[in-house]
Amino acid sequence: QINFVACQLFALLAAFWFRIYLSPSHASSAVRHAFATLFGIYFAVFCFGWYSIHLFVLVMMNYGIMNMASVPNIHRYSFVVAMGYLTLCHISRIYIFHYGILTTDFSGPLMIITQKITTLACQLHDGIGRQAEELTAEQNRLAVKSRPSLLEYLSYLLNFMSIIAGPCSNYKDYIAFIEGRHVHMKLLEVNWKQKGYDRLPDPSPTAAVMYKLCITLVSLILFLTLTKNFPMAYIIDNEFLDKTPFLSRLGYLYVVTQAAKPKYYFAWTLADAVNNAAGYGFSGVDERGTFRWDLLSNLNIWNIETATSFKMYIENWNIQTAAWLKRVCYDRAPWYPTALTFILSALWHGIYPGYYFTFLTGILVTLAARAIRNNCRHYFLSSVPLKIAYDITTWVVTQLAVCYTVAPFVMLAVEPTIKFYKSVYFYMHILSILVLLLLPIRPQAHSVRRAQNQAMLNSVKSK
């Protein structure tokens with residue numbers, strides 16, 4: 001963990017230097033690619049020693065697949081090999097480290113590289129293996145039309161800005177950043193002339209980086225003071241269970257869940273700041289004319305803490321992983337997209353049983369929350385007081401549902417998970433099942449959209 005923090009802080013300094021002295025106006029794309037790659041490799045070796053060989057083996061295996069596999073199967077072979085290798089490494093951790101103890105190790109960067117490999121493979125398949133009319137608007141925008149060179153491939157997967165803690169980004173965005181087109185491309189997407197600028201602006205990321213470093217510092221302080229003082233294990237302590245009423249236990253569960261968040265806020269916000277410091281992560285201009293540097297942001301803390309639905313919470317937590325799951329699984333799943341996406345998420349995280357308890361419970365809670373929202377929400381939109389009451393109620397229920405769902409993710413093992421669920425009488429499982437039994441389930445937008453796309457494709461083929 002000390003190596004992790006040291007590498008990220010050094011990466012932050014290197015990122016500022018990279019943006020100033022190796023900007024596209026001072027250095028060629030090849031030099032920028034080479035520098036980002038070599039520094040990334042150095043960081044990986046420094047942090048993980050010989051274990052970093054796993055990163056390089058997976059990268060080179062999939063480079064071979066990308067160049068030798070048939071176009072219709074590039075994404076399938078890449079997905080199977082990357083996820084298979086990652087899973088084998090996850091399994092090895094059970095025997096290398098003590099069961100139930102989660103440590104900082106090479107599997108973290110391997111998880112990010114797996115995301116990037118499968119993202120590029122799917123976008124390459126979209127670009128050279130499918131017709132434009134078969135793709136969604138987003139798939140069309142992100143489709144890669146030609147296989148990358150070895151240097152471009154290595155730079156995308158191993159660059160020093162994201163090799164330690166991510167996040168995953170789209171290949172076209174990364175290449176545009178290296179070539180110096182990233183900011184201008186995003187400004188053109190939002191039609192910068194309509195924002196009141198008489199010439200193309202050149203936004204600086206300094207303010208965004210400073211703001212994110214402040215969040216990082218606060219998160220670090222909260223982690224050092226709260227996280228260790230409110231351990232998740234206490235919620236299954238026998239004395240605590242015997243002496244604490246049910247509602248008080250639910251309140252304490254919320255407190256320990258909140259205490260577990262700062263380490264994620266710290267790691268993801270610092271990683272975002274590193275990318276921004278290098279000049280990467282610009283996403284356009286908001287409605288007030290403010291430059292936005294959240295293209296690679298992994299969380300929205302305000303939306304997380306005020307979420308009034310399970311879906312809203314998930315969409316603002318680990319944002320880039322959610323985007324990856326959507327692009328490689330949810331949008332491409334032939335059936336049961338929600339269930340398959342949760343299962344892939346569990347498999348990607350590892351093989352600890354707690355992950356599967358969390359994500360399988362997440363499927364049930366998501367479906368129940370969707371059924372409640374679709375069947376009940378419109379009754380509370382007729383007046384402001386009703387809407388406020390609805391929002392307060394759904395906030396409480398959402399926070400309790402999240403705490404209930406993620407507790408096994410922190411506990412990891414089977415025994416404490418079962419003990420915890422017994423202590424709260426499996427109440428969220430029971431409520432979710434009752435909701436699904438009593439409320440009608442409306443067709444998902446995903447299914448409707450897939451049917452529309454298929455009808456359009458059939459129409460085009462018939463013509």
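Just so you know, the numbers here start at 1 and follow the chain as drawn.
Including glycine, each Cβ sits where the backbone N, Cα and C put it.
The annotation transmembrane segment is assigned in TrEMBL to 39-65 (among others). For the transmembrane segment (39-65), same-chain residues at least 6 beyond its ends with a Cβ under 8 Å from one of its own Cβ atoms are 3-4, 7, 10-11, 14, 74, 77-78, 81-82, 85-86, 89, 105-106, 109-110, 113-114, 117, 121, 150, 153-154, 157-164.
Summarising the annotation, TrEMBL assigns transmembrane segment to 77-101 (among others).
Same-chain residues lying 6+ beyond the ends of the transmembrane segment (208-226) with a Cβ under 8 Å from its Cβ atoms: 258-259, 262-263, 265-266, 269-270, 272-273, 276-277, 281, 291, 293, 301. Summarising the annotation, TrEMBL assigns transmembrane segment to 208-226 (among others).
Residues or ranges marked as transmembrane segment in TrEMBL: 333-349 (among others).
The transmembrane segment feature in TrEMBL is assigned to 355-372 (among others).
Taken from TrEMBL, the feature transmembrane segment applies to 392-412 (among others).
With a threshold of 8 Å between CB atoms, the same-chain residues lying at least 6 positions outside the transmembrane segment (424-441) that come near it are 246, 249-250, 253, 361, 364-365, 367-368, 370-372, 374-375, 400-401, 404-405. Annotation source TrEMBL lists transmembrane segment at 424-441 (among others).
Listed by sequence, the residues of this chain that lie at least six past the ends of the transmembrane segment (333-349) yet keep a Cβ under 8 A from its Cβ atoms are 83, 86-87, 111, 114-115, 321, 325-326, 355-356, 358-360, 362-363, 366-367, 409, 444, 446.
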